[in-house]
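Structure first, commentary second.
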């Protein structure tokens with residue numbers, strides 16, 4: 001049933017019970033008669049806080065901006081993303097609702113997709129797209145821009 005006693009019976013009142021931690025009341029008959037396990041909230045969400053514990057199943061809500069939660073749990077809370085600069089590090093990958101920010105030492109090399117040749121190629125492709133959009137041209141070649 002999942003109930004636990006919170007106050008014994010006395011001459012003036014009967015035993016008082018509530019659902020055990022991690023459970024909610026699933027059946028009422030003037031009082032709770034049956035408790036069930038709270039549902040897990042998936043990564044990227046957390047259980048909305050309720051006024052009264054044990055009065056209903058979890059309602060999962062997305063983590064707010066700048067926060068993450070990476071487990072499936074009925075009780076996990078969204079945590080703020082790590083601020084790399086507060087640890088003397090630089091951001092290697094931004095955090096998402098399901099994962100924390102990844103930090104690295106400032107002297108560590110960039111991942112391959114962020115290397116100088118990859119970035120240069122990306123800049124060239126962007127320049128070509130901008131040139132084509134501005135001129136209405138569909139040509140692949142365009143005047144190159146030289147660094148200052």
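Residue numbering: from 1, along the chain as shown.
Cβ coordinates come from backbone N, Cα and C, glycine included.
Your range for region 'Disordered', going by TrEMBL and the list 93-117, 118-142, is 93-117. Per-site Cβ counts within 10 Å over the disulfide-bonded residues 63, 78 peak at 63. The residues of the domain 'TNFR-Cys' (62-103), classed with DSSP into helix (H, G, I), strand (E, B) and coil, number 4 helix, 12 strand, 26 coil.
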